[in-house]
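In TrEMBL this protein carries:
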COMPBIAS  1-12  compositional bias 'Basic and acidic residues'
REGION    1-85  region 'Disordered'
COMPBIAS  60-70  compositional bias 'Basic and acidic residues'
COMPBIAS  138-148  compositional bias 'Low complexity'
REGION    138-174  region 'Disordered'
DOMAIN    196-575  domain 'Amino acid transporter transmembrane'
TRANSMEM  226-245  transmembrane segment
TRANSMEM  266-293  transmembrane segment
TRANSMEM  313-332  transmembrane segment
TRANSMEM  339-361  transmembrane segment
TRANSMEM  373-391  transmembrane segment
TRANSMEM  412-437  transmembrane segment
TRANSMEM  457-479  transmembrane segment
TRANSMEM  491-513  transmembrane segment
TRANSMEM  519-541  transmembrane segment
TRANSMEM  553-575  transmembrane segment
Amino acid sequence: MDRDEEMGHGDRSLLFIGDEDDDLGADRDGGSPPTSSDEGSFSDRSDDDDDARAAPCGGGDERDAPDDGQKGTWPQSYRQSIDMLSAVPSPTVSTLMAASPSLTKFGSSFLKAGSSFFLKKGEGSSLPLTRPLLPPSLSHLSQSSLHQRPVKQSEDNLGLPPRPPGTHEAELPERPSRACLKSDYIELPPPASKCSSGQSIINGFNVLCGVGILTTAYGIKEGGWLSLLLLPLLGGSSCYTGLLLKRCIDSSPNIETYPDIGQVAFGIFGRIFVSVVLYLELYASCVEYITLLGDSLSSVFPSAHLSFTGVNLNAHNLFAITMALAILPSVWLRNLSLLSYLSAGGVIATITVIVCLFWVGIGEGIGFHPSGAVVNLTHLPVALGLYGYCYSGHSVFPNIYSSMEDRSQFPFVLLFCFTVVTLVYAGVAVSGFLMFGESTMSQFTLNLPQQYIPSKIAIWMTIVNPYTKYALTMTPVALSIEEALPRKMQSYLVGMSVRTCLVLSTVAVALLFPYFALVMALLGSVFTMLVALILPCACYLSIKKGAVPLWEIILCIIIIMIGVVCACVGSYTSINQMISSR
């Protein structure tokens with residue numbers, strides 16, 4: 001690839017998103033590769049070589065690594081863990097082979113990437129001399145890319161001059177290369193070719209078209225018909241801030257991920273704050289998955305219950321606990337490449353649910369009946385949070401950008417994805433509310449009559465989709481906790497214990513707050529406003545200060561103010577309604 005990979009993660013599996021250039025020791029901007037004795041080798045370091053021990057892993061300029069190692073740049077696991085959440089399967093035969101752990105036994109060796117624990121400076125790491133299961137053309141392509149220095153400039157046509165070298169760039173340490181990873185926990189297939197524009201669009205759809213689409217019709221019920229105007233407003237603002245993240249990445253060759261942007265903008269505090277916000281958002285998404293599974297299965301089997309030693313569980317609680325236990329083994333998996341294939345089917349699952357909605361409305365005779373208020377100011381903040389959650393993909397946009405073969409196409413990819421998903425969200429919201437009116441539930445799939453075949457298909461799609469995505473969504477959170485532990489505690493058993501505790505905690509939170517729409521509105525009001533609106537503008541103004549025109553400064557300040565107001569009002573309304581519902 002053209003960047004150094006940081007870890008070895010699991011949900012959002014590196015299939016398109018690899019790091020050929022970084023694996024070879026070159027940075028994104030064409031830094032000098034390490035000396036190699038073999039044309040096809042990654043590196044030829046010796047564990048006994050004092051000079052190699054003193055040099056930072058990853059090549060590039062010979063900048064000393066920080067003394068505190070991984071602790072100074074927590075989290076190191078972010079890059080690859082988030083890569084898995086967005087990757088889609090490559091259509092090539094070599095990638096299909098690479099994704100199968102059993103088939104790799106017939107290869108020369110299986111390339112492993114660690115769970116996020118990096119060797120400190122001074123600890124060597126032996127590397128395979130060849131990359132298995134990749135066609136020669138890709139290897140030659142990687143080698144030839146070392147001799148080309150890509151032009152780094154902003155290509156979003158917004159008229160900004162390139163950022164001159166500043167003091168901020170020195171604040172971010174050189175990223176360690178894939179060679180510095182331990183391989184104790186998570187196994188990844190070898191990286192394949194980079195993403196084309198079409199594959200990046202699919203990645204974008206897979207991130208944006210999530211479970212939020214189920215609540216858009218409920219948003220009209222809460223906020224009224226005029227609340228639909230919030231969709232293009234939030235969509236346009238989020239698309240613009242996505243371009244701001246791209247420009248932040250282009251400002252320095254050392255910036256790869258969202259936490260990197262936070263560190264360059266506001267130092268180590270910015271990195272930690274951004275990381276914590278992103279991980280809390282992922283954790284809360286897993287809570288929503290558990291609630292969604294409980295609601296969906298209880299609608300299929302409403303009479304299910306369990307009474308044991310004085311404990312009475314209704315259908316929702318029973319299925320929430322049961323599905324969490326069923327998900328737990330997938331969270332323990334060392335190789336999540338199969339789940340990444342399944343989670344990439346999220347786009348197909350979303351399309352299927354949409355088709356089933358129209359099928360029931362048109363083919364089964366339910367019809368569309370105009371009703372509802374024009375605007376409901378009391379509950380409008382809830383609709384704002386629900387719509388905001390639909391655009392919570394900014395944590396993955398830097399990874400999608402870095403994985404693209406032609407990065408100049410990223411603005412088009414971003415604009416296309418946001419335009420299409422906004423139209424889809426609006427269409428589903430209007431159709432769902434016209435079908436069910438004031439009886440619309442938090443998930444429109446719960447309103448679908450169970451006797452119809454398309455209703456059954458839609459319900460089971462909403463069950464399978466979060467089941468396959470839970471482990472991939474939780475893995476970045478688990479890896480960040482594991483790498484923060486003392487080195488002597490970094491073992492596979494400790495990792496399993498951490499993952500088990502995280503799963504059990506999401507069940508407890510889901511049972512304590514079983515309000516799917518209100519919790520989603522809270523997430524959209526707090527985390528999405530932070531990640532999608534406030535932080536991109538704040539980081540951009542900090543990194544590019546002195547090179548930003550006045551009109552753009554004003555625009556960023558307006559977006560920040562909108563985000564702050566929406567976060568305060570939306571979170572207050574959501575929490576207040578949850579308290580009232582208890």
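First residue shown is number 1, and so on along the chain.
Backbone N, Cα and C atoms are what each Cβ position is placed from, and that goes for glycine too.
Between the transmembrane segment (226-245) and the transmembrane segment (553-575) there are at least 3 Cβ pairs closer than 8 Å, counting only pairs 6 or more residues apart in sequence, which means the two stretches are in contact. When the stretches 373-391, 491-513, 519-541 are ranked by Cβ pairs under 8 Å to the transmembrane segment (266-293), first place goes to 519-541.
Only sequence-distant pairs (6 or more apart) were considered; of these, fewer than three Cβ pairs between the transmembrane segment (313-332) and the transmembrane segment (553-575) are under 8 A, so the stretches are not in contact.
Away from its own ends, the transmembrane segment (553-575) comes close to residues 237, 240-241, 244, 379, 381-382, 384-385, 388, 518-519, 521-522, 524-526, 529-530, 532-534, 537-538, 540-541 of its chain (Cβ-Cβ under 8 Å, at least six residues beyond either end). Among the listed stretches 373-391, 412-437, 457-479, 491-513, the one sharing the most Cβ pairs under 8 Å with the transmembrane segment (519-541) is 373-391. Ranking 373-391, 412-437, 457-479 by CB pairs under 8 A with the transmembrane segment (491-513) puts 457-479 at the top. The list of residues near the transmembrane segment (412-437) in space but at least 6 beyond its ends in sequence, with Cβ under 8 angstroms from a Cβ of it, reads 197, 200-201, 204-205, 208-209, 212-213, 216-217, 219-221, 228, 231-232, 235-236, 238-239, 242-243, 246, 354, 357-358, 360-361, 366-372, 387, 390-391, 397, 400, 404, 444, 447.
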